[in-house]
Amino acid sequence: MAFWGLEILPGKPMPLNLTRRLVVKQAALVVSKPAKKTEPCVLSVSVAEDEQRYVVCRLHEGVLEQCPMELPFSPGDEAQVHLSGGHAVHLTGFLELDDEDDMEDMDGELDELDEESSDEALSKFGPETPSRWKKVAEEVMTSTSVIWLPRKRPNLSTDAIVR
């Protein structure tokens, strides 16, 4: 996953121009200076050539300034976001990385682990550490086949599965 963010200005449709799957998680009103007359900001979405706009949320200064959501988009959706009202809106979420990107990230993390010798890693365990945990740690550090659980940073002591 990779962070994604976009500022939407009122009256300007904004194409998402995606190259991978996106999940929008939140819309937040940007109040740079308070408006004299507050009006709701309406965020809507259209897809492909469809003229229909689908309202996603209404944000109102001083009343409701953030809206959590779960809006997935694919590159083929050709989605555009639209905003009406007196303030800009920040959209935030994440881009899903494909398996190749995940493997590149994992390779880099494994290279970092290779630089640390197993003796150094084992020295982090004190004399009070039960011997069975030392044995597991030693097997993990000397194993040539380690599988990381997906979607989180690897923690050698809890996330490695030795084959």
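A Cβ is built for glycine as well, from the same backbone N, Cα and C atoms used for every other residue.
Heads up, TrEMBL stuff is auto-annotated, nobody curated it.
Copied over from TrEMBL:
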DOMAIN    3-95  domain 'Nucleoplasmin-like'
REGION    101-129  region 'Disordered'
COMPBIAS  101-119  compositional bias 'Acidic residues'
Within the domain 'Nucleoplasmin-like' (3-95), residues counted as helix, strand or coil by DSSP: 3 helix, 52 strand, 38 coil
Mean per-residue pLDDT computed across the domain 'Nucleoplasmin-like' (3-95): 93
